[in-house]
Amino acid sequence: MNRAEEPYTVKEALLFSQRMAQLSKALWKSIEKDWQQWIKPYDLNINEHHILWIAYQLNGASISEIAKFGVMHVSTAFNFSKKLEERGYLEFSKKLNDKRNTYIQLTPKGEEVFLKILESYDPTRNAVLKGAQPLHQLYGKFPEIVEMMSIIRHIYGDDFMEIFEKSFSNIENEFTSEEGKMKKKQEAKEAGESIEVDKPLEPLKN
């Protein structure tokens, strides 16, 4: 590759990539700690909670979709999904017109746990939120991190970002804050699901 053709120098590339790497590492250490503390009362790990989150949003996600949107290996997605199934939080199924792929759905018990976790969220125990508060005080809103989202889009693709945006749009539209806690709106409860399933599912037979 002819580096002279690049619109940046090797030095600029190194400085940027290492800034991103080291800042991301520092940020993840804080995020990981807070995330683990949040879900600890429910005896879940981060991958398991992420799977519940994706299953709630997609309401019929394949294992490959769980792996893609959860940024984990397919075997990791499958193994943790099986553990969640054993606890009664997920059920495995097949689409009637797609017998090759295995899909997962939240059970009523799984949805109940997912909603309880959301309700238990405590902003005072989130270090990243605390770190962003000076910016909120200055600008009247939290950072929209559009530059980071653009980078992620170019790494993982439009599908990834579409599901990412949809999941937070669902939270925005279906939940409200009541007395300092997250609560699902009554009309969303009556609707019965977050995202409409486009193809019928049938349970897997053991």
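Numbers run from 1 along the shown chain.
Just so it is clear, glycine is given a Cβ too, placed from its N, Cα and C backbone atoms.
Record note: among 15-38, 63-86, 111-134, 63-86 is the stretch given as DNA-binding region by Swiss-Prot. Under DSSP, residues within the domain 'HTH marR-type' (13-157) fall into helix, strand and coil as 102 helix, 17 strand, 26 coil.
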